[in-house]
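What follows is a single structure, written as structure tokens, with notes after it.
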Amino acid sequence: MITHLLSAADLDRATATLVLDTATEMATVAGREVKKLPTLRGRTVVNLFYEDSTRTRTSFEVAAKRLSADVINFSAKGSSVSKGESLKDTALTLQAMGADAVVIRHSASGAPHRLARWVDGSVVNAGDGTHEHPTQALLDAYTMRSRLGTLEGLRVAIVGDVLHSRVARSNVLLLATLGAKVTLVSPPTLLPVGVGCWPCAVGYDLDAVLADVDVVMMLRVQRERMNDSYFPSAREYARRYGLDVARAGRLPEHAIVMHPGPMNRGMEIAPEVADSARATIVEQVANGVSVRMAVLYLLLGGKS
Amino acid sequence: MSSFVLTGARILGTEKTDIVITDGVVTEVAPGADAPGATRIDADGLVALPGLVDLHTHLREPGREDAETVESGSRAAALGGYTAVCAMANTDPVADTAGVVEQVYRLGRDAGLVHVQPIGAVTVGLAGERLAELGAMADSAAAVRIFSDDGNCVSDPRLMRRALEYVKAFDGVIAQHAEEPRLTAGAQLHEGEWSARLGLTGWPAVAEEAIIARDVLLAEHVGARLHICHVSTAGSVEILRWAKARGIRVTAEVTPHHLLLTDALAESYDPVFKVNPPLRTDADVAALRAALAEGVVDVVATDHAPHTVEDKECEWPYARPGMLGLQTALPVVLDTMFEPGSAGAVDLAPGRLDWDGLAERMSRRPARIAGLAEHGRDPAPGAPANLTLVDPAARVTVEPGELASGSRNTPYSGRTLPGRVVATFLAGTPTVLDGKAQQ
């Protein structure tokens, strides 16, 4: 197993599959009366969150606690960080306190990579800037496998703001490793220059791909993009790239609809679609705990 | 009276001879030349070059003496073989008045290790809104001739036109940091494969090229001198080629790091590789090397940019751009551009330089652009004794802790590079002997 999980590219096919298989085992814990394993008793997991993210932080916290780890939530707000402490000094502090794993969310791309140079424990990237969010990709892959049985040959469309999306980056890398075929669909302004080096196809027309996919994953459009000329208006975006009822109706019968949340209902996804049986949005949240348990278990469980 | 005899030196690599320096001037160059009472320095096998001249150095004083002082930067420059450096204006306070440029000039003179020639800001506070008192800086004791808002681009085309026109009155030159700011908002890395992979906002090549294209046309329109700082893209080279063919009075510089390093190094997210303009692609590096050899890009300039550990040991987007350059420039140019054993230009492979070509691009042309008449002159009788002795056979591994700069942000840590500066003379006084600074 790897030492850190910084990027979905850190996972080869065997390791990624091991994480997903382990998550399947972990999922059974959630169904028990006592939702707890003793595996990480005596280990300390620090949630180091420089950005607010109740959803992801709570998911990691629940995952660590279900494995009996001691969890410390370290928020940048109101801490020494807000007084100007550098990431390196914070890392050395955590090191001195004996953190076995640091789960980091940071607005700067690459911050987890830097942290990994300064601490001895495992570092898990819980989202860095516009770079990656590998456990989100793992939970997405887990959800696809649970619903559709396999990832090999699966046709996945990822739709929306790819340029600023750490979810899209991690999904493209992980799904390619696991044998799925990804197509990014986006306005050209929201695709990075250089996307041609990614292991996926690229298109601008959502309607052209809908009939031929097993999974359509809608990305969140952030409010500030709507005022920065990436596209003319929210209405035009919704018309060209929103998954409305009519578009959802053109999906193959078995196809599922995913969203990393939180959603802009009525913008990138219609409420009726988000609440339909195709949608896996709530499952994704539940699966997130199982996958994060698997990651922490595999990173820390084997160490003395 | 002080005198030195450098025995067995090879002038520009071709002639083995003895060089006599008396009272700051080269007085004799001939085998067996001597002077009574002179200090003899064994220069056997060493190459004598005109002292190197850097058009683009950040000395940080006044304001950020924790990163570099005029004295520490001067020492690094002397150890790198330089006898003159042009100090950029983005200090704190900004060098936008006669008072500040004279302060920098005096600090350089007091340090006595290299000639420190201040560059004046084009606009007040580098704000890009109104012209600084360019004439007062030109008339000051510092006699400023190069003006630059480096760090910022003079992006307003009307203001750029005025600046180009105005400095014609005293044969000044505007050195432009070519970066269209609206195209580089938030930029962190060359826009391309690696910015896409790493999730870092891209700095597109066109942001540099668009400004260069605009400014060469402005320079042509008003008949003024323009200098382009740290050219970094293959497209910029093509625009410069076109402009020079048209007879436009434009010169350009390339940094050593843009001749060697690429954006792929950002994969580590180590901000030591963060610089502005950013490291580009292999194709850009190849185009820059070819352009430097061809003369489309005129000179090598270091863009020596010292930063404290705190400003670099952090997350990539928060790190300040820039890297050290003075002590590694010559070795990097030798590594990337030099063809050992070449006897003259006719024998040179395309894209390569011999000692004469190297002296032209690191000493003579930069001295001409800066108007430094005492520098950039080959060791010949009557020339001021500003010269550098280089051991071309040496290979040195870069150890950041051994650099003389006040900062440690070198991208070459642990890298072994060819060439070693053995001695540097400033106006006949050794500032470096046996590879060690003399003050």
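Every residue gets a Cβ built from N, Cα and C, even glycine.
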Listed co-binder of Zn(2+) 1 (same site as B:His56, B:His58, B:Asp303, source TrEMBL) among B:Asp150, B:Asp156, B:Asp171: B:Asp150
B:Asp150, B:His230 bind Zn(2+) 2 per TrEMBL; candidate in B:His177, B:His221 listed for that same site: B:His177
For B:Gly322 (substrate binding site), the one of B:His56, B:His177, B:Asp303 that lies nearest, given that the recorded positions are compared by Cα: B:Asp303
Other CB atoms within 10 A, centred on B:His307 (substrate binding site): 27
Spatial neighbours of B:Asn90 (substrate binding site) that are distant in sequence (at least 6 apart) but have CB under 8 A: B:His58, B:Ala121, B:Leu126, B:Asp149, B:Asp150, B:Gly151, B:Asn152
10 Å Cα neighbourhood of B:Asp303 (active site): matching binding-site residues from B:His56, B:Arg60, B:Pro321: B:His56
Separation of alpha carbons, B:Asn276 (substrate binding site) and B:His230 (Zn(2+) 2 binding site) (Å): 9
Densest Cβ neighbourhood among B:Pro321, B:Gly322 (binding-site residues), 10 Å radius: B:Gly322
Assigned conformation of B:His56 (Zn(2+) 1 binding site) - DSSP reduced to three states: strand
Rounded Cα-Cα span from B:Pro321 (substrate binding site) to B:His56 (Zn(2+) 1 binding site), Å: 15
Cβ neighbours within the same chain of B:His177 (Zn(2+) 2 binding site) - under 8 Å, at least six residues apart: B:Ser148, B:Asp149, B:Asp150, B:Gly151, B:Asn152, B:Cys153, B:Val154, B:Cys229, B:His230
